[in-house]
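*Asks:* To start, I am sharing the structure in question, which I have written as structure tokens.
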Amino acid sequence: MATTASGSSGYVCCRFFLQVITGRWFMMFASFLIMACAGATYLFGVYSKDIKSTLGYDQSTLNLMSTFKDLGANVGVLSGLLAEVTPTWFVLLVGALMNFTGYFMIWLAVTKRIATPKVWQMCAYICIGANSQNFANTGSLVTCVKNFPQSRGMMLGLMKGFVGLSGAIFTQIYYAIYGNDSKSLILLIGWFPTAISLVFVYNIRAMKISTHPNETKVLHEYLGIATVLALLIMALTMAQKKVPFARTAYLFSGVAVCFIMFSPFFIAVREEFYTWRNREQLTAPIRLVHEAPTLPETEMKSEIEYESMETKEASASGCSSIFKPPKRGEDFSILQALFSIDMFLVFLGTFCGLGCSLTAVDNLGQIGESLGYPHQAVSTVVSLLSIWNYFGRVFAGFVSEIILLKYKIPRPLIVSLVFLLAAVGDLLIAFPWPGSVYLASLLLGFSFGAQQTLLFTIVSELFGLKYYATLFNCAQLSSPLGSFVLNVRIVGKLYDKEALRQLAAKGMTRSMVKELTCIGKQCYRLSFSILAATNTFGSIVILVLVLRTRKYYGGDIYKRFRDEIAENEKEMALKSAQEMQMVES
């Protein structure tokens, strides 16, 4: 009897341990860590000066490299398609290897450990490194949205919020490990996200959705922790600007940031214990009345076969129904979504909004330099943008969810207002005054973060979750195109034109200087005025989407997921009862 009881107790402990490491909440914790390391592209403004000075690039060449960074960061169709045919762990593994390869090669080039690469090689390196974040997005973000469909707005806000914080997190960690050496920051970007992905690569997977009475409460606890982390980093950033930090102070700052970043682990364990205990209580009455599992298993098998046949039929008729899409919110095929008017409006709006935001973020370093800000102040501006990027993402996720459910206000309307906010930030750079770049970084960071959360949430709501991994990556394809047109063809060209004019005024030519630098308010005045007008046009485009979708958002968009959850809970309780019967027998 004692041996039997001991064996049963050991079995229960093993079941709980497996519940923790394979559960939804631990999966969400691991996803947050991966996403917190997936926003290194926002730090380009910190180390771009090293690339420019070490390799002797002019601003147009640096902006070309920046565009390839944006191209890699936003062209995630490959990761989406790969996720359709391979397990999630493989997607994350590929992303980790790409991240290390791309940034490690850039670090070798900047530190002169290899022969100076050609421009196209540097563009390829940063494109590969930046593209890795799409694999993290597809593996972690898409999986979390599918596992928490009724809280997708909040979930996307949190996930994208951690990406927005990642730039500031990296800054504190690299200060703690390497000091004020921005070249070593490139190395940190190469190895740290790779290590995190490899540790948690098997914990991220899609699961059958289920209800949890404390789901909203837990998400608010995660929000609280993330907000504390953001405020801590903001305080550290401002303190480091005012007071010189010793190496020990940087070390303690980095440890504090890492501790808060990993603290959601305890929430995950608590909630997995609650889920496990609740499931055991629900299973007990089922065990008393359930004796023959054969019939339900047969029914479940038939249901699976039916779903398989239904999927094949849908696939076979996919080409003929491209222009006959289902109702909004149901599962569109990839082609049905791509050829829809709604996706075209999202695409055009993304071209304007994210294209302008990426351009502004990538030029912050040179903007600060042109206005006479010291290097430490430029790092501060980039960190502040990263922090407000976080606030924009979580605000858009949580507040838009509340507004949608309570007042039935279409989510695209908030996107339209956010574009106008970004236009104000552009004008602050076009017509600056002392300290205006700090305010501009706040507005641009907040609006950029809000756009990321809202646009990807809208894609999931309008076109369903079945092919979300591919569709949300397709939707953001226009942002690197917008970045190329606005950043390279407009901002970079106008900057170099003004810099050459200043050289000519000094009686010098381009061949007489290694680095082409523009100083003064005129460097970005015309180009950022154009960005402000582009953001305004994007706001009008999204207003058209608001008019088209107002009826859909006025209904109950989450009903189908509540029905699916009810069916899944019955199935899980039945399965747990069968397992306990096997142990007891």
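The backbone N, Cα and C atoms fix where each Cβ goes, and this holds for glycine too.
These figures come from a predicted structure and were not determined experimentally.
Feature annotation from TrEMBL assigns domain 'Nodulin-like' to 24-268. Here TrEMBL flags 337-553 as domain 'NFD4 C-terminal'. According to TrEMBL, the feature transmembrane segment maps to 25-47, 89-110, 156-178, 184-202, 222-239, 251-269, 337-361, 373-391, 412-431, 437-459, 526-547.
For each feature listed, report its degree of burial, its nearest neighbours and the pertinent distances within the displayed model.
*Replies:* Remote same-chain residues near the transmembrane segment (25-47) are listed as 66, 69-70, 73, 92, 99, 103, 110, 129-130, 133, 136-137, 139-141, 143-144, 147-148, 155, 158-160, 162-167, 169-171, 182-183, 185-186, 189, 192-193, 196-197, 200, 203-205, 207, 218, 222, 261-262, 264-265, 267-269, 271-272, 275, 361-365, 378-379, 381-382, 385-386, 389 (criterion: CB distance under 8 Å, separation of at least six residues from the stretch ends).
Panel annotation: around the transmembrane segment (89-110), residues 34, 40, 47, 50-51, 54-55, 72, 79, 82-83, 116-117, 122, 125-136, 138-140, 183-184, 186-187, 189-191, 193-194, 197-198, 200-202, 204-205 of the same chain, lying at least six beyond its termini, place a Cβ under 8 Å from a Cβ of the stretch.
Residues 28, 32, 154, 158, 161-162, 165, 168-169, 171-172, 245, 253, 256-257, 260-261, 263-264, 267, 380, 383-384, 387, 390-391, 394, 398 of the same chain, all 6+ positions outside the transmembrane segment (222-239), place their C-beta atoms under 8 angstroms from a C-beta of that stretch.
Listed by sequence, the residues of this chain that lie at least six past the ends of the transmembrane segment (337-361) yet keep a Cβ under 8 A from its Cβ atoms are 42, 44-45, 70, 74, 322-323, 325, 328, 385, 415, 418-419, 422, 425-426, 429, 440, 444, 447-448, 451-452, 455, 458-459, 462-463, 467, 471, 474-483, 485-487, 491, 528, 531, 534-535, 537-538, 541-542, 544-545, 548-549.
Beyond the transmembrane segment (373-391), the same-chain residues lying 6 or more positions past its ends with a Cβ under 8 Å from any Cβ of the stretch are 39, 42-43, 45-46, 49, 161-162, 164-168, 171, 180, 182, 226, 230, 233-234, 237-238, 240-241, 361, 364-365, 437-438, 441-446, 448-449.
Tertiary proximity for the transmembrane segment (412-431) is limited to same-chain residues at least six positions away from its ends with a CB under 8 Å from its CB atoms, namely 349, 352-353, 356-357, 360, 367, 392, 396, 399-400, 403, 437, 439-444, 446-448, 450-451, 454-455, 458, 521, 524-529, 531-533, 535-536, 538-540, 542-543, 545-546, 549.
Beyond its flanks by at least six residues, the transmembrane segment (437-459) meets 141, 152-153, 156-157, 160-161, 163-164, 346, 349-350, 353-354, 357-358, 360-361, 364, 367-368, 371, 373, 380-382, 384-397, 400, 411-412, 414-415, 418-419, 421-422, 424-426, 428-429, 468, 471-472, 475-476 of its own chain at Cβ-Cβ distances under 8 Å.
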